[in-house]
Amino acid sequence: MKAISVLGSTGSIGTQTLQIAEEFPEQFRVVALTAGRNLKLLVEQVQRHRPEVVALADSDLLPELQERLKDAGVTGADAPQLVGGADGLNVAAAWDSADLVVTGIVGCAGLLPTLAAIRAGKDLALANKETLIAAGPVVLPELKKSGSRLLPADSEHSAIFQCLQGTPWAENARLSTGVPTPGLRRIQLTASGGAFRDWTAADLEKATVADATSHPNWSMGRKITVDSASLMNKGLEVIEAHYLFGLDYDHIEIVIHPQSIIHSMIELADSSVLAQLGWPDMKLPILYCLSWPSRLETPWRRLDLTEVGQLSFRAPDPAKYPCMELAYAAGSAGGTMPAVMNAANEEAVAQFLEEKIHFLDIPTVIEAACERHKPDLMAQPQLDDVLRVDQWARTAVREQVNRGVTRLPMGAIAA
């Protein structure tokens, strides 16, 4: 039986991970949970899974959680150890009895707990892509030092990882080196196109929060759904793929695939192309992380290509998706630039969700932060440098929003 810790248990990745644990009680045991402010759901999770430790990001909520657990009958030997704050999250992430840590905390907030798990030698199911995007130069040496294995829990990188299992370089694809995988020529990341894939560039002028958070294929959190609509999510995945598999950015491509059946493809040295297919369901890549290197039989819906009918593909329009171009540029710049770009995007999306800026303002404020950072870019940052520029970028975006955003004309960034 594999003991798992779930960081961000009340979020989209966390809840689906716990559903899998319930479906396979003889395979997985939950030993640690961390959460934000959804105490009602967290108490229900504790009742069902009986973890050894529970951590809250906000330590001020610990007394309320303790009372809620008591009212729910979780007392005495059944009660988990409760810890809070940043230190508490790190304690849960490095929990001694855990074999695998699922990192489902959204955004750069997941960086420090992920590093704590790595330094404790834990294997990771990485759903928090921002960890590598913002701090790849910091994380990769830590992985090498600890011997932790990093398995991708998002659908695209899981697809690449699964395809590599069918090559002679499978052992080299444990995702802990960041060096080029031999024989891997090209990666093609598939994108649904998000909520606005069938909108024209002109239509985006009337985009609302409700529009941007209505994904046609996937069930995900609000922030990542907005990132999907802007194609920033795919741009972030390009940077993550660079760190995971070691390919240069010129060899990592994005292709829009509206059906979301092919989850990504790899091209090998002999020009063969391998792909992983399945219905758009995040539980599949999460399960593979939990069960790897084995595969578990499931009663889940099986793929029927005759039901799908056809698979279509098209190139993304850089003028319509300027965030994609910003991600490529930040990744190519390297150093602290991806951290600045990622933090600026997180803050810009938060401002959009609060209806303080328009959807089309998101790339404008991101680009402004990246431009301001260019003179101060650090090529070989340490952890403190990453955390510092992360906070700087968030502040820069808020200040720009408060001053008022002068939107760039459509296509200006791509040009």
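From the backbone N, Cα and C atoms, a Cβ is placed for every residue, glycine too.
Source: prediction; values computed, not measured.
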Further Mn(2+) ligand in Swiss-Prot, beside D154, E156, within candidate set E130, E142, E205, E237: E237
Same NADPH site per Swiss-Prot - residue from G193, G194, G221 joining T10, G11, S12, I13, G36, R37, N38, N128, E130: G221
One of H215, H251 listed by Swiss-Prot as binding 1-deoxy-D-xylulose 5-phosphate at the site of K129, S155, E156, S192, S228, N233, K234, E237: H215
Residues K129, S155, E156, S192, H215, S228, N233, K234, E237 [recorded 1-deoxy-D-xylulose 5-phosphate binders]: greatest CA to CA distance in Å: 19
Residues that sit under 8 angstroms from E237 (1-deoxy-D-xylulose 5-phosphate binding site) by C-beta distance, when 6+ apart in the chain: K129, D154, E156, H157, L189
E130 (NADPH binding site) CB neighbourhood, other CB atoms within 10 A: 26
By Cα-Cα distance, the member of binding-site residues S12, G36, E130 nearest N233 (1-deoxy-D-xylulose 5-phosphate binding site): E130
Max pairwise CA distance, angstrom, over record-listed NADPH binders T10, G11, S12, I13, G36, R37, N38, N128, E130, G221: 22
